[in-house]
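Asks: First the structure, then my questions, so here it is.
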Amino acid sequence: MASIAVCPGSFDPVTYGHLDIIRRGANVFEQVYVCVLNNSSKQPLFTVEERCELLREVTKDIPNVTVETSQGLLIDYAKKKRAKAIIRGLRAVSDFEYEMQGTSVNRVLDESIETFFMMTNNQYSFLSSSIVKEVAKYNGPVSEFVPPEVEQALMQKFKG
């Protein structure tokens, strides 16, 4: 049986930190579904479709990664894909506290799907999509934080 994992997130926008987790997950699992979700508590800069397109562009060199979106519960999406794992990236202890809540709920909904936490590489431990958007909004350089395709998309969003 193939080892399948889901790597969920809002990815608004995708950063090098996200890509680090996706690449490392793809080295562990035979198939990784990157699932773009809408976080109802956030106002997204990019539409779900734009985020999916950017993710497809920056992961096109990773053959076992597929980018999709889902409107429902993450656990239902994971079951539909026959995933046995959910991959979550952690930057700091504060991330763990938040992720633990979601993991606990997912365990109640389906205890057969495990959550794997991956620590981001140190160079990305401070990085968040919110910080990237804030820097880009004021025309600051973001090339150290995001791939060129994402940098261009950010420039387009904030230029007008």
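Just so you know, glycine gets a Cβ as well, placed from its N, Cα and C.
Note that the coordinates shown come from a computational prediction; the quantities given were computed from them, not determined experimentally.
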Asks: Per Swiss-Prot, which of K42, K60, K81 sits in the substrate site along with S10, L74, R88?
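Replies: Candidate listed by Swiss-Prot for the same site: K42.
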Asks: What is the interatomic distance between the Cα atoms of R88 (substrate binding site) and L127 (ATP binding site), given in whole Å?
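Replies: Pair distance, Cα basis, whole Å: 15 Å.
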Asks: Of all the binding-site residues given, namely S10, K42, L74, which is spatially nearest to L127 (ATP binding site) at the Cα level?
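Replies: That would be S10, nearest by Cα distance.
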Asks: Can you tell which of the binding-site residues (H18, K42, R88) has the fewest other C-beta atoms within 10 angstroms of its C-beta?
Replies: K42
